């Protein structure tokens with residue numbers, strides 16, 4: 001018992017004094033998750049409606065769904081509203097609910113469930129650093145530190161000029177190209193510190209850097225070349241064609 005207690009105390013001490021920061025993807029404040037609080041930019045009196053161009057897009061989206069199932073368009077319409085406004089205010093959720101003829105609470109449920117819906121203002125460039133295991137093992141913490149140092153902000157914050165918002169997120173599905181980050185809709189992969197500086201400088205100049213790996217890879221092929229499957233394909237049925245096998249008095253085929 002004494003030995004177990006001593007080990008527990010030592011483990012607790014190591015945890016408290018560990019130099020490694022624990023990466024989290026949750027919002028920093030509870031009001032960014034499920035709670036709405038009115039402010040001057042986000043309240044029920046702020047006007048929102050689709051532009052004429054987006055009304056046509058909304059009509060095209062809802063036409064995909066059969067009568068009685070138009071509510072299934074709630075996610076693409078919320079995405080359309082967010083792309084128009086830059087983020088998703090309360091009145092945009094109300095507009096989508098009224099457009100689809102569904103209870104506003106159902107729209108709230110969707111908007112608060114998916115972290116890709118931004119219910120607070122974000123910068124023109126939303127920098128999202130993946131910190132899940134593969135990226136963490138490949139240096140995601142260094143990438144995050146580079147972004148913080150370059151922009152002078154922490155996760156959940158926006159630069160004073162409104163250009164950049166920084167977030168840390170869960171897996172973005174590009175594990176074989178770790179470490180990586182996402183800026184708006186674009187993935188930037190195989191990152192090093194110099195790549196972060198170059199990318200952020202380009203965005204500051206109003207440019208859109210070419211998405212994809214920064215290491216010279218085309219996609220997710222092995223960085224040092226193929227180590228298997230190095231021969232041309234043998235063709236269909238290779239080594240699996242039927243051949244006779246004697247089993248007792250009969251000949252069986254498999």
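Quick reminder: no glycine exception, Cβ is built from N, Cα and C everywhere.
Predicted automatically and left uncurated, TrEMBL annotations should be read as such.
What TrEMBL says about this protein:
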type: BINDING; residues: 130, 135, 171, 175; note: [2Fe-2S] cluster binding site
type: REGION; residues: 205-234; note: region 'Disordered'
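Structure coloured by features recorded in TrEMBL.
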residue	record	Cβ neighbours (10 Å)
130	[2Fe-2S] cluster binding site	29
135	[2Fe-2S] cluster binding site	28
171	[2Fe-2S] cluster binding site	14
175	[2Fe-2S] cluster binding site	18
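Highlighted in sequence order, 131, 132, 133, 134, 140, 170, 172, 173, 174, 178, 179, 180 have their Cβ within 8 Å of the centre of the Cβ atoms of 130, 135, 171, 175, the residues recorded for [2Fe-2S] cluster, and are not part of that set.
Through the fold, the region 'Disordered' (205-234) approaches residues 174, 176-177, 186-192, 195, 198-199 of its own chain, all at least 6 residues removed from its boundaries and within a Cβ separation under 8 Å.
Reduced to three states, the DSSP call for residue 130 ([2Fe-2S] cluster binding site) is strand. With helix defined as DSSP H, G or I and strand as E or B, the region 'Disordered' (205-234) counts 0 helix, 2 strand, 28 coil.
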